[in-house]
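Visitor: Among the features that TrEMBL reports, transmembrane segment is placed at 80-101, 146-168, 188-212, 233-252, 272-297, 309-328, 348-372, 379-399, 405-425. Residues or ranges marked as domain 'Sodium/calcium exchanger membrane region' by TrEMBL: 84-254, 279-423.
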Amino acid sequence: MSDKITHDDDRIEIENAEDNEHEHEHKHEAFKKRHILHPKSWREFSVSILRRGRVNLLLIFLIPAILLPKLHIEERFHDIFYFNFVFNFLAIIPLSNIMTIGVEDLSAYLGPAYQAVLHALSGNFVELVIESYALLDHRYAIVRSAVLGSILCNITLVLGITFIVGSWPTARRRALGAEAYLQTEFEIGTFVDTSSSILALAFLALMIPAAFKIAASPFDTTDHRLVNCNLQNISHATAIILMLVYVGLLVFQLKTHANETVDIKEFDHHKIYNWLFDIFLIAASVAGITVCARSLVSSIEELGDKFELGTGFIGIVLLPICVVSNFIEHYQAIAEAAKDKVDTAISLILNTSVQMALLITPILVSVGWIYGRPLTLDFNMLEISVLGCAILIVNYLVADNKAHWLEGYMLIVSYVLIAIAFFYFPNYHDVDEPPLHCDPWSRNLNKTEGSVAEGGAVVGGG
């Protein structure tokens, strides 16, 4: 009798879920199907976007955020960067929300596997543009710190909060039974294992240039010019190889193992607009975020100069937290975990971190290569050490494809320890040297001082 009642309850629950799904789908059938470029449809879509949430009212701050830097009133008002920071911070919030709407709607067209990749790409693209500007301004140290800080913030602070929010024993989870709330099990174990392994590979690739400089420096008799030349060649080769690894990861994630890298049960997005409008939304919001984020970063740097904060602390701690496009990504991952969509949250976090290591960092090195800005992967010993330890801790914690709140607490503590170390780390500035014209096919370290031409150009064969 009880089995029959349970079976009937299950059937009623399934029927109710189907009814709710049909109602949800019907709710989104609000727009008439017209041509993809029909102006009336685009006008209706735009009005619908602006009406989705009160957060879009913050778009009004976009006007002072754009105009304030153009007024050039820093000489009269020395503390104007405070207002610049606030206006840009508030303006990026609705832009990030619009970007998220476009990404989610586009992923409904492309499929669940593309959701996390698109989210990571749209957020990381903003960082790529900001750090490219810093690179062209010869701010090599802060570029390296910002890249490392983005990865560290994701795999320690954000992942830790996600573990706590996704597995904290709330009353609702206790009602599901003892095993259900004591820990959270990942349904995308294959992707978690693969991502943690790729992060370990990325650490190896980023460690090799730093280790090479330490090991090869005693043999250099040319005032470190030959070591720097070889370091530049190693960085370029590493960048190319890491991009090829990312191409392989995309094939793995989107094609050959697509079903094992996403939890279909957690994907509940529906098509609302057309795909071209989604692309327009993402492009327009990313452009707006980029403009505001560049001013925001400048304000953060001025804030750091005023309070005598080091470039390491600014890049590792302040930029990943204060750049709102990252903040919105972090918030979304945590919000998904709060809805018991831990797999989706983990996928967002790991995709962002892996993409930063395998795609954004190599692109920055390539941009420096093209424009004559010698950005090398020469991280200092503290930076490379904390990255290796953080990746090691993450690999240990996700090895069993389960998570509980204490593991999240450990990750947050790890980030706090890293932040304390960089707060006291001495400030250092880049030496603006002309780019070295190195022969990538020559073992330049075998040369003597007489083989190095004036201006740092290496001549002759190896």
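Think of each number as a place in line: the chain as shown, counted from 1.
Cβ from N, Cα, C; glycine included.
Heads up, TrEMBL stuff is auto-annotated, nobody curated it.
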Visitor: Determine whether the transmembrane segment (233-252) and the transmembrane segment (348-372) share at least three Cβ pairs under 8 Å, counting only pairs 6 or more apart in sequence.
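Guide: Result for the transmembrane segment (233-252) with the transmembrane segment (348-372) is yes.
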Visitor: Using a Cβ-Cβ cut-off of under 8 Å, list the residues of the same chain that are 6+ residues beyond the ends of the transmembrane segment (272-297) and lie near it.
Guide: 28, 30-31, 36-37, 41-42, 45, 48-49, 62, 65-66, 68-69, 84-85, 88-89, 91-92, 95-96, 98-99, 101-103, 105-106, 108-109, 118, 122, 125-126, 129-130, 133-134, 319, 322-325
Visitor: Count up the helix, strand and coil residues in the domain 'Sodium/calcium exchanger membrane region' (279-423) according to DSSP, in that order.
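Guide: Result for the domain 'Sodium/calcium exchanger membrane region' (279-423), in helix, strand, coil order: 120 helix, 2 strand, 23 coil.
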